[in-house]
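According to TrEMBL, the signal peptide annotation covers 1-23. Look at TrEMBL and you will find 73-92 tagged as transmembrane segment. Sequence annotations record features per position, and here TrEMBL assigns domain 'Histidine kinase' to 163-379.
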Amino acid sequence: MRNKSKIINKAVLAVACTVAVCAVLLSFVDDGLNGAVADWFYNNFMNTYDMSYGEMEGYHTVTEPDWANLKNFVIVFFVISSAAIALMAVLISARSARKKEIATISYISEAMRVYLKQEDAGLELPKEYAEIESQLIQAKNREQEHLTLLEKESQQKNDLITYLAHDLKTPLASVIGYLSLLDEVRDMPVEQREKYTGVALDKAYRLEELIDEFFDITRFNLHSIELSMGRVDLYFLLQQLAEQFYPILSQQNKEVEIHSPEDTMVWADGDKLARAFNNILKNAIAYSYENTVIRIFVEIENRTVVVRFVNKGNPIPPHKLETIFEKFYRLDTSRSTNMGGAGLGLAIAKQIITAHRGEILASSSKESTVFTVVLPEALIQEEH
């Protein structure tokens, strides 16, 4: 309503100004030019001629309008006047619109500055700016999400330093300790020397494994994973992984059973897929009960390949299942055991599976924990 009143007032003012200007011009023309306009009109649009009237003696002077010439003038004058008035209206309207636009931009800019600067500030714009208000609210929500993400990434970097120091310190201290003993005690019995050397070597391998994990997660996090796709025998790959873990399995009286059709060929990056499955199987072995069997099931539907790793162990709480694939996450939150790695294995596995346009899921019950890998359109169907 307020805007409409302003427009009406401006229109009335414009009409009044026009009438005033016309009155001034008329007065100037009529008085100031001393009849010059009348003379011009008479000379251009009036015809004067002598005419006799029958029996009347002599001629009489007759003056009458030149209607054709006057008509053409009126038409030209009307067109020019209309064009001038239209141009004036456009200029006034453009100037008014420009002022309104500047005022609107200033108002929205100030509202945006206050709204975005103050975390708890509300935003109320006129109804005609509802779309702008909606966009501002969405922009602030995106900014808040971005800030939250930055804070989370900053916390993860701090965690990286903390976890790196903790996880590398323990095996490194053991290596230094045992090597120091071997260096200081020259006459140590051969059997004891071999024992200490073996422990130091195991801890060194453990240290190498942790460093490899940190390098992997850094490489995969900073750069997109480049896949070298090719034909992969999935059954043979799983058999190889199971054989690699045989020493650990035998120590804990555990077994790995593979239930998969033989000669199952998939289209994937063999090395990276092996790394992902290795990390999943390693996790299953680490958190399964002793004297149990870890079972791997391969199911095929059309060209989609589903691989399930099933182990019996302590159930994983539902709230932990949501974060189990995050970097540095470990079920043993104290990080005081030698079980598992630095909490990067499943995070690396997820990045590799995602790069294959696949999906990795985890579920857990009182009886078992299941990690499911879905590889869509991965099966290579052999022609016979």
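Heads up, the Cβ atoms here are built off N, Cα and C, so glycines get one too.
Just so you know, TrEMBL annotations never went through curation; they're auto-generated.
Here the transmembrane segment (73-92) has Cβ contacts under 8 Å with residues 10, 14, 44-45 of the same chain, all six or more residues outside its ends. Per-residue pLDDT, averaged over the domain 'Histidine kinase' (163-379), rounds to 82.
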